[in-house]
Amino acid sequence: MTLHLDDLRVRRLGECRYDSPFSETLSTKQTSPHYVAEGDRVLLEDTVSMLADHGLPLGRIPSFEAAGPRRKIYFDPSQVTAGIVTCGGLCPGLNNVIRGLVQEIYVHYQVKQVLGFRNGLQGLTAAHRDDTIELTPDRVRDIHNAGGTILGSSRGGQDADEMVDTLVSRGIDIMFVIGGDGGMRAATFLSEAIRARGLDIAVIGVPKTIDNDLPFTDQSFGFQSAFARATDFISAVAVEAAAGLNGVGIVKLMGRHSGFIASYAALAANAADIVLIPEIPFALGGPDGLLAHVEQHVRTKGHVVIVLAEGAGQELLEEHGLPQQNGRGTDASGNLKLGDIGGLLQASITAHLTAVGLSPTMRYIDPSYAVRSIAANAYDSVYCLRLAHAAVHAAMAGRTEAAVARWRRRFVHVPLSLMTSRRNQVDPDGDLWMSVLETTCQPAVFGPARDRGMVRIGFC
Ligand SMILES: Nc1ncnc2c1ncn2[C@@H]1O[C@H](COP(=O)(O)OP(=O)(O)OP(=O)(O)O)[C@@H](O)[C@H]1O
Ligand SMILES: O=P(O)(O)OC[C@H]1O[C@](O)(CO)[C@@H](O)[C@@H]1O
Ligand SMILES: [Mg+2]
């Protein structure tokens, strides 16, 4: 999909007529490599060839609006009530974002009130709309030290009109939705329902996903904390596998459709022989299949370590008479329920190695919830805080139907519709996956590699 400048423009509620509390500070600032002034834009693409391909004058090159404080704002802060909701699965840093939003909007903009809606978008339904938490700087002072979200979260669909009724009845002017693809989709529907009623309510998304599968964001917050934690489990399984007779260590990590956690954690631990991700199908049997490769590792090295993303190899389950995607079921939000690829791998590898006289010592860890429930690390804490600042500035300046994101290391405004227009996935042709191949020395494909014109790499 080719994006044009107009696709990247963010909707504004109207003219900014109020002085921003930051106007004095901003008047002292010069545009610099570290400070993009209000009118400047951040390029969508960052290679010379991609820019040249557009064949457009500079002013028409696709670009995002830079985030940050404006000299003039749309809302009169003394009249503003803001709402915050966290949706979907947990992710390190949710509390940091809540804290950052509350402190920024209270301390600098001095708004009237901030309400936290509980248990995800369920909190915006008629039955739960009055059960909010009053969020004050005192209330959020220490919350960033803990994982999870003080607001609670949930999956499951809600009616957009009912949610708008809630915003109206609670007097919300600005709604911050912290969520993943589902949360961003829900925020989009909410914005559309607000627009259809001609209401003056800003909706700003803060993209959250442990899987790092949202587009137009360099890396989602909490991702670095999560893969760092996942690294510990890979190191643990590697120690176990190395000490066991014909040791096989498998760590299954989250990643429904995207193998980012598996790839980054494997690179960080630098102990994996094989990384399996949803983006790259693999065959179990045959001379080039996974099982042959595992056997070769066990024969030559004595053990093997596999990092597995939960969404990998789903197509294999049916072939083996196992229910694919748990009978193709979906969860309350419509997300595919995955089949147990970890179970299939354990069983197949055990059967294969036993058959060739290498009866394995199997060590299998699924640390999924232990990974995503932790508090944000120092890097993500900074990232969350700065995202929250950007979200508050965007909302106070009347931006709406937009998410804040870091793109090419700058904070930008991204139209909400774009956040759900595609899924961020590991590119099999890209440099990240190449690094995984270089580090593990696994073949580019487990299966009939030559048929696909692909190159075997060998063993490290
Ligand atoms: N198409 C949709 N229309 C309306 N609401 C939706 C839609 N998709 C998701 N939602 C709502 O958004 C919320 C969060 O969605 P979901 O459970 O998929 O988590 P998420 O935000 O994608 O986070 P995660 O990264 O954990 O998947 C849910 O309450 C869900 O009902
Ligand atoms: O068990 P839950 O809470 O539905 O979450 C599991 C899913 O959430 C995700 O982390 C996305 O947030 C997926 O990787 C995972 O499959
Ligand atoms: Mg999701």
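Just so you know, glycine gets a Cβ as well, placed from its N, Cα and C.
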Further substrate ligand in TrEMBL, beside T209, I210, D211, M254, G255, R256, Y369, A370, V371, R372, within candidate set E310, E315, E318, E319:
E310
Check TrEMBL: it lists R155, G156, G180, D181, G182, G183 as binding ATP. Then name which of G68, G83, G89, G259 it lists for that same site.
G89
Output: those binding-site residues from D181, G182, G183, R372 whose CB lies less than 6 Å from an atom of ligand 1, in sequence order; none if no residue fits.
D181, G182, G183
Consider the binding-site residues R155, D181, G183, G255, A370 and say which one has the Cα lying nearest the Cα of D211 (active site, proton acceptor).
G255
If you run the three-state DSSP split on G183 (ATP binding site), which class comes out?
helix
Tell me which of the binding-site residues G89, G156, G182 ends up closest to R372 (substrate binding site) in space, Cα to Cα.
G89
Where the criterion is a Cβ under 6 Å from an atom of ligand 3, which of the recorded positions R155, G156, D211, A370 meet it?
none
Candidates G89, R155, G156, namely the binding-site residues, that fall within 10 Å of T209 (substrate binding site) by Cα distance:
G89
Just checking: which of the binding-site residues G156, D181, G182, G183, A370 have a C-beta under 6 Å from ligand 2?
none
